């Protein structure tokens, strides 16, 4: 079923020595790419909607042909100007602004308020149900609800990746909205673990994943030089949701009870997603060639939505692994931050406020690093710097001084700012080693690895916490800190393979 030339020597693709330590070697790599892939130079994803070679390949053997060399060295642009980065789309035209482009960013921003906002607020749900509906259930069991929710959210990205590249964003946004809002409304009536898993983990998680890919991907179709800034602005919606939802839920739990608190949350999410359906549009609506049969249609989407051969590209694999480690650490920490504060003797007001401040500071942590990345330092450099700061803040502030409320406030400010770039610059880093017309597929494929990792990381964290003693929480902090540091190392390796160890914008 699989072509021999794709699986013959994956080790050389993943672990061969970098040929990009110097600019001359980058140029040679680009030349080799050009000479070695002339036969495949017409391959396209179907995004432009014209008959192409890829359609024929997808109809044959249910395969997608990939280049023999990593796409991170295609058309490398070596210069000393402000665009001194590896660019795969330098020959394409992007508006990088204008009314329609910023309206699309606004639509993405509003749509990500519920999608990322709920992910940033799961601690507000976990802390309530663990003391009420599931008070007699072990923390490790409860953690599976949120682990499955996050894992399914990331894995479901593949359901929209290939479709977005070929047909646009309208249908995924509509289907995702129905699934997402339906799951939130069903969550209000849950009282047992399996009910929480079916409504929140499965239904809401699936809707989140279907929505996530188009809401993030549409920004890449409008922006190039300002892509990090625009994506950062769009993903600020997650921080806004993370600020509003915990405070709102805490007050509504007291005033109207759990059921109506969640229902009100559902109506707010529905309103946001309807606005995103109206405003979030890609630059050009694809007009794809129709398939000759349902079998061809199914073969194309199965092959394009999840293309495991992307993982044979060393740089893509390392970026995907780095993203999985960083975001797994972030979501696991956010899930138990409120519970940790309560264990340390703080009241619920402070516990919810810590979650809120983390997301509030994250607004600056999304915009400022994105702006600096576009203007001065480069996307990978900023991610390496901010993620390293996040890991150090875990080891230096949270672990030794978490029992002091002043240190805990300082920690959430530093951590919230430094981790803000994870969700905002991750898509940009993936886009920097991908062509725009393939962005949806590669973005969703990258998050499949995170889905697998998240499925294990959060329950392991719950097991480490166990009875919830100080020593057990300290082991948990060391655990999530190590994951964050490992993610920074993965991005550092990609930078080394692409531009070496010299000081340059990348």
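If you go along the chain as it appears here, the first residue is 1 and each next one adds 1.
Every residue gets a Cβ built from N, Cα and C, even glycine.
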Range among 292-314, 476-498 that TrEMBL annotates as transmembrane segment: 476-498
Positions whose Cβ lies under 8 angstroms from the transmembrane segment (171-188), at least six residues beyond its ends: 111, 114-115, 118, 159-160, 163-164, 196, 198-200, 202-211, 213-215, 258-263, 265-266, 269-270, 273-274, 276-277, 280
Stretch contact, the transmembrane segment (228-248) with the transmembrane segment (316-337), Cβ-Cβ under 8 Å, 3+ pairs: no
Non-local residues, at least 6 beyond the ends, that sit with Cβ under 8 Å of the transmembrane segment (260-280): 103-104, 106-108, 110-111, 113-114, 118, 169-170, 173-174, 176-177, 180-181, 184-185, 187-188, 211, 214-215, 218, 245, 248-249, 252-253
